[in-house]
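Asker: One structure is given below, represented as structure tokens, and several questions about it will come after.
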């Protein structure tokens, strides 16, 4: 194999690495966006249903809400 063919092969192989990193970065970002910010909890001991939602994550506000939509709106801030 001549040196020019070897050089072209090396350039092609090296060019695949950024494409692989780009694909993995995309999947990491999409997973990060899909993480829930609220966790369903039981606010009433008499009721066995998960009726409330509380903030979770790296910086939780230790707040619980009657609905998941209220929790999501406040916890994302």
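The backbone N, Cα and C atoms fix where each Cβ goes, glycine too.
The following feature annotations were taken from Swiss-Prot:
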SIGNAL    1-22  signal peptide
DISULFID  38-54  disulfide bond
DISULFID  43-75  disulfide bond
DISULFID  52-71  disulfide bond
DISULFID  55-64  disulfide bond
Asker: Applying a 10 Å Cβ distance cut-off over all chains shown, what neighbour count does residue 75 (disulfide bond) have?
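Answerer: By my count, 21.
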Asker: For residue 43 (disulfide bond) and residue 55 (disulfide bond), determine the Cα separation and express it in whole Å.
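Answerer: Counting only the Cα atoms, the answer is 14 Å.
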Asker: Of all the disulfide-bonded residues here, 38, 43, 55, which one's CB has the most other CB atoms within 10 A?
Answerer: 38
Asker: Measure the Cβ-based neighbour count of residue 64 (disulfide bond), defined as the other Cβ atoms within 10 Å of its Cβ.
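Answerer: Result for residue 64 (disulfide bond): 16 neighbouring Cβ atoms inside 10 Å.
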Asker: For residue 52 (disulfide bond), which residues of its chain lie six or more apart in sequence with Cβ-Cβ distance below 8 Å?
Answerer: 40, 41, 42, 43, 64, 65, 66
Asker: Out of 54, 71, give me whichever of these disulfide-bonded residues has the highest number of other Cβ atoms within 10 Å.
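Answerer: Of the disulfide-bonded residues 54, 71, the most buried by Cβ count within 10 Å is 71.
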